[in-house]
Amino acid sequence: MCLQTALLLKMPVQPTTGGVVTATGGVVTTTGDATTPSSAKSGATTGSGSICVPPRRRKLYIHDIQSLGVEVDKAPSQEDLLKWFVESAAVETFFLWHKFKEQWRLQKAAELQRQAENAGLPLPRAQKVSPEDEAQKQLNGGKIPPDFLRQMFYTLGDYRDICVGEKTMIEVLKASGDNNIETINNKIKEILNRDNKKTVSGQEPSDEQRKSWWEKHGKDIWEGMIYALTYNTDSGAKDKPPEHLEDVEKAFFGTQNGKPVTPVTNTSTYKTQYEYETVELKEDNTSSAMSTSPRTIQNPSSTSENKPTLLTQFVKLPPFFRWLHEWGSDFCGKRARMLEKIKGDCEVEESSGGSRRRD
């Protein structure tokens, strides 16, 4: 995988939409097609099926799968398919992290504005929060903010749906106006069918074969997503790759300049907290940069034990379950922020009989 090349091809960031600007000025969205900024696909957001699809999923970055093998003039292999998945997920994570930090800065600026207004102090509404915000500080130390880790769980689950050809996901996206999801699904079938020598000629790979491919390579895709966080989203001029943050890479992977630390001294957070087979979501309001999300996702198979769900389990949950949780997380976050804003704007104060507005 050449992550720098993938990021370079998709610069600059278009943070307000979550899309990616191409060299011709178009926007790459869920389907991977380039459209002019003034003619975005209406079906991606107006179809009846789009009601249940979270906004993040509608804008999921999909690398151009039709280009697989074109550059080297050969049929794409499973190795090419893995590279395609890793690059797609890594680029998506890079831009998700950019958007997450921007949202945090806006939220922090609004909080400072309300505090200043309540105290009667002048504060320009356009005041900027330092780029060295709490979210980036956590990342510099090898810690992924829990709210963003949750987004990464959602994202990896969506890529697994694509890999295994999840039928519900395909039908819902087709209903929402995504005309390319079936093309992508057929291309993956073609690649796995060609390279799987055990498959009878002309027979499509079974669901179990596609699931087995994911079991083998899901770890690599997850590592690519975390590695994408070692690039500075606030750097990189046009036609230049973003800055690689070697200290962040060292914090996560125990490496610097590609030189691995020996297992005896490797205390990297990937190994201790974020390894594919063991990473799980834990509610941590004390360290979360945007701690307005609902409670920890519980393992449906052991709710009585109150255990958080492992990533390897979560990505296998039905799309509707994951999307419902994402909608709930987004709603709870917005509701908490709106209530906080109302409390500040209306100057609500506590009294023995409950809250009341100060006149």
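FYI, residue positions are counted from 1 along the chain as it appears here.
Just so you know, glycine gets a Cβ as well, placed from its N, Cα and C.
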Note to self: Of the ranges 119-143, 244-268, which one does TrEMBL flag as region 'Disordered'?
What the structure shows: 119-143
Item checked: Of the residue ranges 30-49, 170-189, the one that TrEMBL records as region 'Disordered' -> 30-49
Notebook entry, point to check: In this predicted model, what is the average pLDDT of the domain 'Duffy-antigen binding' (51-239)?
Noted result: 83
